[in-house]
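Visitor: Provided herewith is a single structure, encoded as structure tokens, for subsequent inquiry.
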Ligand code: 16G
Ligand code: ZN
């Protein structure tokens with residue numbers, strides 16, 4: 001109690017600030033975050049006690065600028081914090097800096113959740129390369145230690161590395177421990193094995209990676225070294241010159257549809273950008289007409305689904321396996337059409353935010369999910385893993401069937417199933433392109449995107465907008481959806497929606513149509529309606 005009390009005194013709560021635990025945890029300017037970290041140390045301790053398992057605390061503001069930071073909790077299987085606990089996080093943060101008030105709430109939670117004071121707690125803490133990160137991590141650590149919690153201090157890590165590490169500690173099948181060497185060995189061995197299984201004598205074209213001046217740059221050097229005999233990887237924006245996420249990184253490339261600074265694009269036929277904590281990935285290249293072309297999250301869904309359904313067919317497992325793609329409303333309409341009608345793979349649409357996609361993907365034996373922004377992964381059910389293993393070892397099957405089953409089995413090891421992992425996704429993408437003999441141009445030519453436009457609307461109260469149907473329709477304010485429907489109906493292949501942002505105090509508008517001019521026009525018309533009905 002005394003230790004907590006002095007921490008509360010050392011890092012007092014900023015006045016008049018309400019922060020909500022959103023899809024990205026708590027995120028704000030780094031200098032106003034210290035007091036939040038005390039609450040996070042307490043909350044993580046309680047979560048660990050309840051789950052009787054190790055939980056994670058990741059300190060990062062992902063693709064935001066260097067001056068920001070953030071924090072989120074990771075549950076025992078490496079997944080996002082359970083939603084009911086977001087409420088406890090928010091309540092803790094509304095409480096004043098009074099140790100008695102805070103302790104009363106902790107005791108209430110302990111009774112409610114049946115936590116005994118002597119239950120053990122263990123937390124793994126990691127952070128990205130922001131200057132503010134070590135201090136914030138030390139506050140979480142001191143708060144948790146005040147409650148006798150055991151700390152594993154991972155220091156610098158990508159977000160997906162910590163998700164994976166936490167799962168390792170809680171899963172006996174994954175050795176019950178994590179080392180960075182094991183993590184890279186798992187990914188790189190799977191990569192090499194998939195290459196060895198292929199008879200092709202083709203070689204890899206080199207890959208230029210824009211690492212957003214973030215933690216990914218440091219971690220990618222391991223992959224570059226281990227795979228040096230297979231693929232040449234050149235890392236740009238590696239933190240030696242530029243600023244974190246400044247005119248570079250996956251978010252910048254996707255939003256501005258522009259090449260990042262600091263990368264000699266013309267020297268490469270294959271380039272990609274990851275974001276500041278290495279959980280998003282976007283590929284791009286310059287085409288023969290000198291145009292900048294981009295491959296976003298929708299394209300990864302298509303590529304991964306294509307590869308996995310092909311291998312399921314070759315292994316004669318396709319009919320026994322439920323494979324599906326999970327998208328959000330931001331997925332380009334043409335990608336959805338292509339997956340459903342050409343690839344004959346089912347598609348589900350869920351609200352924005354990784355936790356929603358991840359949750360839905362668990363409904364499938366092979367659940368592929370990507371947000372258009374490049375965050376995504378693939379989940380494989382235990383049943384699928386057993387089936388593939390059995391098929392790969394079944395002497396009654398043909399060699400081709402066994403090989404395909406073995407390729408799926410190996411591919412599973414190349415994926416970080418806990419969360420979108422840009423490093424794992426780069427390796428998976430490279431392997432698929434290699435095995436299917438594709439280059440970026442051929443991959444892009446699977447289908448043409450519908451032109452789209454995204455706009456922001458500043459409003460007094462964004463909560464006035466309420467959505468249903470995976471954010472594709474509005475039920476409040478009254479008449480907004482009717483007006484949107486009326487506008488959309490004037491545009492062939494038009495589609496549009498509005499939703500309140502979960503990370504900024506704004507409303508977002510999305511529109512797509514047959515031409516860029518029409519998509520722009522539709523977005524602006526809807527923007528005006530939102531302004532009229534809300535402000
Ligand atoms: C957060 C989410 C991301 C989502 C974005 C939407 C996680 C880990 N991150 O960054 O998935 O796309 O928010 O932001 O879930 P918005 O609500 O401002 O559009
Ligand atoms: Zn990120």
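Note that Cβ sites are derived from N, Cα and C of the backbone, with glycine treated the same way.
Note that TrEMBL annotation is computational and uncurated.
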Visitor: Check TrEMBL for me: it has 275, 277, 279 binding Mg(2+), so pick out which one of 62, 493, 501 it puts in that same site.
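Guide: For the Mg(2+) site that includes 275, 277, 279, TrEMBL also lists 62.
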Visitor: What are the other residues, in sequence order, whose C-beta lies within 8 angstroms of the center of the C-beta atoms of 62, 275, 277, 279 at the Mg(2+) site?
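Guide: Along the chain, the qualifying residues are 60, 63, 128, 158, 159, 214, 250, 274, 276, 278, 280, 375, 422.
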Visitor: Taking all residues of the domain 'Alpha-D-phosphohexomutase alpha/beta/alpha' (116-170) together, what is their mean pLDDT?
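Guide: The answer is 97, the mean pLDDT of the model over that range.
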Visitor: Round to the nearest Å and give the CA-to-CA distance linking residue 500 (substrate binding site) with residue 275 (Mg(2+) binding site).
Guide: 23
Visitor: If you count the C-beta atoms lying within 10 Å of each candidate's C-beta, which of the binding-site residues 275, 279, 371 ends up with the smallest number?
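Guide: Candidates: the binding-site residues 275, 279, 371. Fewest Cβ atoms within 10 Å: 371.
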Visitor: How many Å lie between the Cα of residue 275 (Mg(2+) binding site) and the Cα of residue 373 (substrate binding site)?
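Guide: Between the Cα atoms of residue 275 (Mg(2+) binding site) and residue 373 (substrate binding site), the distance comes to 10 Å.
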Visitor: May I have the DSSP-based helix, strand and coil counts for the residues of the domain 'Alpha-D-phosphohexomutase alpha/beta/alpha' (116-170)?
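Guide: Final tally across the stretch: 26 helix, 13 strand, 16 coil.
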Visitor: Quick test of your reading of the structure: among the binding-site residues 371, 373, 500, 502, 508, whose CB sits under 6 A from ligand 2?
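Guide: What lies within reach of ligand 2, judged by Cβ under 6 Å, is none of the binding-site residues.
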